[in-house]
Amino acid sequence: MVDNSEPPAKRVKVDQDAEFAPGNLDGGDQRRRNGGKEKHKSKSSRARAPGKAKDKDGKPKDRRRGTRRDTEEDDPTASKVPRLPKRQCALLIGFCGTGCNGMQIQPDVRTIEGVLFDAMVKAGAVSQDNADDPVKVNLGRAARTDAGVHAAGNLVSIKMITAIPGVPDITTHINELLPPEIRLWSFLRVQNSFSARTRKYTYTFPSYVLLPPKPGSGLYKAFRSQKTADADQADHSFWADAPSPSTKEEDLHRKRLWRISPEQLQALRDTAKKFEGSHNFHNFTVGRDFGDRSNLRYMKEIEIEDPVVLGDTEWISARWHGQSFMLHQVCRKMMAAMILSCRTGTPAQIIDEMYGPRVVFVPKMPSLGLLLEYPVFEGYNRKVEAVNEKFTPEDPDYRPPIDFEAHREEMEKFKMQYIYKNIREVEDQDGLFDAWIRYIDSYSGNDLLYLNPKGIIPPVAVLKRGEKRENPFREKKKFDVTGKLSESKIKVDLEDEEEAEEETLDKAKLADTEG
């Protein structure tokens with residue numbers, strides 16, 4: 001029996017001790033950072049001691065070079081900048097991820113954290129002593145995002161200077177140094193660790209992806225071959241009324257004018273409910289065996305919103321509220337399983353089948369539609385609520401709860417101006433969702449044969465470790481792009497380039513990509 005109750009929240013520390021790779025920041029200084037590879041020693045171990053090994057200048061060998069003490073000792077006449085106190089803080093931010101190689105600082109690429117850290121150094125919230133290495137200020141984040149993925153709300157933890165001489169409003173000052181597609185909503189004093197957090201994601205897609213496969217396509221033939229004669233049905237009216245033959249451009253024009261029916265919308269909502277509760281999501285990520293306990297995740301709620309017409313296209317948003325998510329779980333695979341089962345008329349019970357021990361291939365939907373709404377710090381907020389009973393908000397030991405809803409109005413305007421506008425423009429210009437659907441429909445192998453009228457996984461669709469399959473499904477890199485293909489830095493042949501097969505990642509690497 002499946003336990004649909006929410007498991008108790010666990011207190012975890014968010015990336016406080018993680019190592020971060022350095023990166024060239026958004027047009028900023030080409031600084032070299034040590035990437036956190038150097039071990040940080042305690043003050044006592046760095047202090048001079050009798051008999052300790054020294055370098056040729058008479059300084060302890062194990063002490064880092066380039067620190068303030070080195071500068072002062074090498075040049076006693078150097079001007080001394082007063083040290084300003086640092087405080088553990090949570091930065092509430094939002095961003096349009098197009099043009100960035102994900103959230104976390106990496107070498108030689110533009111990232112959200114890299115741009116933010118550079119702005120904080122320029123603003124004086126991070127001292128020049130710490131500007132060469134984000135590890136020195138305990139830089140961490142609540143949720144990682146892949147390259148190009150957007151977030152209306154995310155949280156960065158950092159030890160920052162909260163009283164900058166001559167700067168009355170630090171938030172405004174930092175925002176003036178950030179590009180408009182990256183915003184700092186506010187910063188809060190916090191305790192040194194955060195409790196278990198849930199996440200809210202939204203995936204937005206054009207409703208036409210729910211249209212059934214085009215007659216004559218590979219998936220169309222594969223699905224109909226599994227129907228019995230008495231269960232055979234006429235083609236969907238959309239395709240029955242289509243001119244024959246028709247080009248992909250003509251099809252796309254008609255698709256954008258199509259509108260989902262109330263019955264189809266209800267079927268989508270019914271399928272989404274199958275994801276709620278506690279399940280083994282091993283088929284909706286990569287590199288996890290069925291028996292791995294980390295596959296057990298809790299989905300609190302999935303909501304399918306009413307369709308909205310923007311321009312010629314009808315759009316639908318699916319909101320996901322989960323305790324934690326695995327690599328690709330929401331971004332691609334759960335959405336794809338829901339969409340593909342609904343558009344082929346596969347019974348919703350196929351989702352239940354995927355929680356079982358058999359391994360199947362679930363393709364990834366385009367990254368374009370994914371948005372991290374914000375992480376939710378329910379456990380942390382309960383903890384500080386108890387602590388704050390002893391203090392008033394003016395007390396320096398008071399710690400405010402972390403609540404993105406306080407910035408709801410600003411976040412909604414930001415989403416419309418930068419995120420949703422970007423999604424619509426890319427779809428209008430490149431038809432990325434249509435390209436994905438046509439690529440899915442062109443596949444005629446066995447990997448997707450669990451899409452069938454019975455809603456049962458057939459043996460031919462089950463993947464076995466080490467097995468070389470005939471005609472396996474191959475993903476394409478262009479569906480990782482979240483900006484316009486003509487402007488993308490991902491150099492791919494838009495028709496032929498394939499992704500490498502999904503690798504089996506070790507547990508340490510998977511843990512580093514999930515939350």
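Quick reminder: no glycine exception, Cβ is built from N, Cα and C everywhere.
For D146, the entry in TrEMBL reads active site, nucleophile.
Y201 (substrate binding site) is surrounded by 24 other CB atoms, counting those within 10 A of its CB over all protein chains shown. Per TrEMBL, the feature substrate binding site maps to Y201.
Residues or ranges marked as compositional bias 'Basic and acidic residues' by TrEMBL: 28-37 (among others).
The annotation compositional bias 'Basic residues' is assigned in TrEMBL to 38-51.
According to TrEMBL, the compositional bias 'Acidic residues' annotation covers 494-504.
Look at TrEMBL and you will find 505-515 (among others) tagged as compositional bias 'Basic and acidic residues'.
The feature domain 'Pseudouridine synthase I TruA alpha/beta' is assigned by TrEMBL to 272-371. This prediction places the mean pLDDT of the domain 'Pseudouridine synthase I TruA alpha/beta' (272-371) at 86.
Annotated region 'Disordered' per TrEMBL: 1-82 (among others), in sequence order.
What TrEMBL records for 492-515 (among others) is region 'Disordered'.
All protein chains shown were included, and the count of other CB atoms within 10 Å of the CB of D146 (active site, nucleophile) stands at 18. The separation of Y201 (substrate binding site) from D146 (active site, nucleophile), Cα to Cα, is 13 Å.
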